[in-house]
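Chemist: Below is the structure I would like to discuss, written out as structure tokens.
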Amino acid sequence: MGKYFGTDGVRGVANSELTPELAFKLGRFGGYVLAHNGTEKPTVVVGRDTRISGVMLESALVAGLLSTGAEVMRLGVITTPGVAYLTREMNAQAGVMISASHNPVQDNGIKFFGADGFKLSDAQEAEIEALLDAEEDTLPRPVGVELGHTSDYFEGGHRYLSYLKSTIEGDLEGLKIALDGAHGSTYSLAPYLFGDLEADTVTIGCNPDGNNINDGVGSTHPEKLAELVLDTDSDFGLAFDGDGDRLIAVDEQGQIVDGDQIMFILAQDMDARGELKDHMVVSTVMSNLGFYKGLESLNIKSDKTKVGDRYVVEEMRRSSYNLGGEQSGHIVMMDHNTTGDGLLTGIHLASIVKRSGKTLSELAGQMTKYPQRLVNIKVSDKHAVEQNEHVAAVIKEVEDEMNGEGRVLVRPSGTEPLVRVMVEAKTDEDAERFVNKISDVVRAHMGL
């Protein structure tokens, strides 16, 4: 990570940290680095989520892009994977998404995609950061007819949905599915997609007002969706996050089905159909021990990366694997898209439920989860946790007590000023006790 770029683009409190001035510079410098590779009039597609700050930042970003001579196509409210897909499909030189994903409404972010639909490399981010920190802006300033134009392509969302439909066999007729759009990017796309596939749908989180994105709804708050599933006797529920790149499900009993379980279900189905490349799934170090044991029972291999879907994607690209993801619900199906895609994952999961004739609880129950506890602690310097001797000592103490029957992971968040403490153990009681023991030490020596 650099000075400006975190694990998922540039993020901050909108109009305070992520200002219109910075958005203009990101448009100008980012657009130049990505789009002006011998292309006289490069095309850049731009999408956003439903945050109140989105239009402000979009306007500034687009102005920066236009100042370099780029042609800009505004997609309006759309998902992050929708931007990635349309960047490739429309032969654009770059794509930009304005969103802070699952973060609260006051935050926003800007993430770039190259012409191939993949997020930026470290080298590209470093090049943009060097331009941001330069004493003088020496990039070309076209005038007159050489300036860029802007146009609206709000139909792009439905072009993306048409593609998603083509990735599954048949329809979803006979299923009743509860959908939670997080008052975000999927608020209209999800009901349209699943309805078009003949599913019976009920919804929450599909009435954005600019300020309610992720507010008690979506993939980080699936409790209301669980209630909706039970109240409406739905077959299962699907919860998306603010920008639609992750998915958490709820089974017919109201139990949460997380990214590990979804990956397990997809891997089992893909492997049985001969579609899982090298019988391999890529996950992060946060995936549950039960996930790995479940894959082993199916003779499916696994590979671990650092936390962050960008690292999952990097490993998948490096080794040509086609399924990977995170416990948080970022699931990457590389045969179909270049980034985590909640809608894509959702229709494939629904298709498996229909084809198998099993309930989602039966499918998810084939993987036994180890009790896991995760605590997020606000700190002034999140990276200092890696060198803190008090934290290191308590981790060793807990690991010695576990004696191999569990694991501990303490790490800085990639996007927020937090230290994340994760513990897995044989019992709920042990997991709770161990995570509290470590968290108390982190708070005492590092907390605000």
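Cβ coordinates are placed from backbone N, Cα and C, and glycine is handled just like the others.
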Chemist: According to Swiss-Prot, ASP241, ASP243, ASP245 bind Mg(2+); identify which of SER101, SER380, SER413 is listed for that same site.
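Modeler: Matched candidate out of SER101, SER380, SER413, per Swiss-Prot for Mg(2+) with ASP241, ASP243, ASP245: SER101.
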Chemist: For Mg(2+), what surrounds SER101, ASP241, ASP243, ASP245 with a Cβ no more than 8 Å from their Cβ centroid?
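Modeler: Checked against the 8 Å cutoff, the neighbours are ASP49, THR79, THR80, SER99, HIS102, GLY184, SER185, PHE240, GLY242, GLY244, ARG246, GLY340, GLY342.
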Chemist: I want to check the contact list for ASP243 (Mg(2+) binding site): same chain, sequence separation of six or more, C-beta distance under 8 angstroms. What comes out?
Modeler: ASP49, THR79, THR80, MET97, SER99, ALA100, SER101, GLY184, SER185
